[in-house]
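Record features, source TrEMBL:
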- 54-277: domain 'Carbohydrate kinase PfkB' (DOMAIN)
- D238: active site, proton acceptor (ACT_SITE)
Amino acid sequence: MEYEGILLGMGNPLLDISAVIDQDFLNNLQFPNSGEARKFSFFPRWGCGVHYYEDESPTGTCAVCVLDDERSLVANLSAANCYKVDHLKRPENWALVEKAKYYYIAGFFLTVSPESIQLVAEHAAAKNKVFSMNLSAPFICEFFKDQQEKVLPYMDFVFGNETEARTFSRVHGWETDNVEEIALKISQWPKASGTRKRITVITQGADPVVVAEDGKVKQFPVILLPKEKLVDTNGAGDAFVGGFLAQLVQEKPIADCVKAGCYASNVIIQRPGCTYPEKPDF
């Protein structure tokens, strides 16, 4: 199988700036370290072809404050906020959409160009390709609910973490905090195309990964890590998705996809920033 160009990703390219801080720093800023700040962060995937088009605005930035094993993120999207559907429609860009067989779009992109997301989603459904998105952050589920609901019928895979899943449940009035129930409900949301059933994948930190598929829920254990080896959790969720998709495009079983996702996230949380060793041992 030809893999070049098989997976197309869309999101907000940002320069992540990380700093290890102490409690005094937070106290001086009166800034909480609870992780409740808006979490704009899209994991940069090295080794991939990228297209940048905005020269008049500076590159977006994301400040990451890490205290112990917790983090808070604040972003200025800047140039990333300038993306328009016209960029996507350029022949050289749309050719990439047509070539790809799998699509992954960060939920954060709903704040920038939902029209672009919809265009790719409709193309995927029409051509029987695999379309996936991430819930990305609680505020996306809360404040971009309508945009998210519009594209949800096209999603073949929905990724998220337990906090995002519970927020999704609350804003839709489901009255349950049970992650397994929520994952199942999301998987059963009506689809625009009946060619494949939706699979929901919810990570829970050190707790098992929840996968809802075909009316059933399975749990997959993660790779447990001693607390003293935990360095930085920033990008862990995105790394999980990257590992998962790396196996999915090879048509591997879901269990293998989850295993690869857990491996990728386990590696990056032992390193500062979203960084990897030179060679994987997966």
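Glycine residues also receive a Cβ, built from the backbone N, Cα and C atoms like all the rest.
TrEMBL labels come from automatic prediction, so no person has curated them.
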Averaged pLDDT, computed only over the residues in the domain 'Carbohydrate kinase PfkB' (54-277): 92
Local Cβ density at D238 (active site, proton acceptor) - other Cβ atoms counted within 10 Å: 24
